[in-house]
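Under the heading active site, proton acceptor, TrEMBL lists Asp33. What TrEMBL lists as active site, proton donor is Asp173. The substrate binding site feature in TrEMBL is assigned to Ser6, His64, Gly140, Phe141, Gly142, Gly143, Asp173, Gly174, Gly175, Gly195, Ser196. According to TrEMBL, the feature divalent metal cation binding site maps to His31, Asp33, His64, Asp173.
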Amino acid sequence: MIIAPSILSADMANLKAEVHKAESAGADWLHVDIMDGHFVPNLTFGANVVDAIRPHTKLCLDCHLMVANPEDYVNSLAQAGADIMTFHAEASQHSHGLIQSIKAAGMQAGLAINPGTPVSAISPLLADVDLVLVMTVNPGFGGQSFIESTLDKMAELDQWRQSHNLAFKIEVDGGIKQETTKACLDQGVDVFVAGSYLYGADNMQQAMQAMRRQAR
Ligand SMILES: O=C(CO)[C@H](O)[C@H](O)COP(=O)(O)O
């Protein structure tokens, strides 16, 4: 299992130290939530923050774009050193072309779906993506409760992946903690994004180990 702490819940005044904290606690990836105040009501950061943290970690920078025009971010994110660029299916009229542009820029391409969007909306694209992000809360803010009905979509994606002999990763984001990790693992999920659970823990390493124990 891949654990990706979300720096949305980090102390922004100490971002370099917060990146190191996640890395030394055993994080596999770092999740970077880019919000534009349009696709979601919240506004966070952009490629400048990816560029700022890139020299301070070797971890995969997993960038999740909650933005209205994801096409506009490909070049700046690639230049900043992002490893994965995930955009929302609900935000692009040209998802297939955008996936190709992301790959041509040297990044892995991810496609995210909101809790209200069915897997069928993205099934024609599943052969082209490296990752599918199933949002387990409505995007925009950390600290929300996991939406149980999203579990069926994880299972559907896993089934599709097996029956079509594909290798995309399935990622979940929102309300992920020790208790919700197990339910997602059982549906075939590979990547677990956790913000408030990990950055809010007294001991991040122990919190991460508690998640990993669910896999045994
Ligand atoms: O994409 C996000 C919000 O839209 C965040 O990654 C997510 O909320 C993580 O926070 P938490 O684990 O606290 O729910």
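All positions are counted from 1 along the displayed chain.
Each Cβ is built from the backbone N, Cα and C atoms, and glycine gets one as well.
On the structure: features taken from TrEMBL.
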| residue | record | CB count, 10 Å |
| --- | --- | --- |
| Ser6 | substrate binding site | 24 |
| His31 | divalent metal cation binding site | 29 |
| Asp33 | active site, proton acceptor | 24 |
| His64 | divalent metal cation binding site | 27 |
| Gly140 | substrate binding site | 18 |
| Gly142 | substrate binding site | 19 |
| Asp173 | active site, proton donor | 26 |
| Gly175 | substrate binding site | 21 |
| Ser196 | substrate binding site | 17 |
Listed binding-site residues among Ser6, Gly140, Ser196 whose Cα sits within 10 Å of the residue listed as 'active site, proton donor': Ser6
Residues flanking the divalent metal cation site, with Cβ no more than 8 Å from the Cβ centroid of His31, Asp33, His64, Asp173 and excluding those residues themselves: Ala4, Ser6, Leu8, Val32, Asp62, Cys63, Thr86, Leu133, Val193, Gly195
Of His31, Asp33, His64, i.e. the recorded positions, those within 10 Å of Gly140 (substrate binding site) when Cα atoms are compared: Asp33
By Cα-Cα distance, the member of recorded positions His31, Asp33, His64 nearest Gly142 (substrate binding site): Asp33
In sequence order, the recorded positions (Asp33, Gly175, Ser196) whose C-alpha falls within 10 A of His64 (divalent metal cation binding site): Asp33
Largest inter-residue Cα distance among Ser6, His64, Gly140, Phe141, Gly142, Gly143, Asp173, Gly174, Gly175, Gly195, Ser196 [record-listed substrate binders, Å]: 17
Between His31 (divalent metal cation binding site) and Gly175 (substrate binding site): CA-CA distance (Å): 14
Cα-Cα distance linking His31 (divalent metal cation binding site) and Ser196 (substrate binding site), given in Å to the nearest integer: 12
Cα separation, His31 (divalent metal cation binding site) to Ser6 (substrate binding site) (Å, whole number): 5
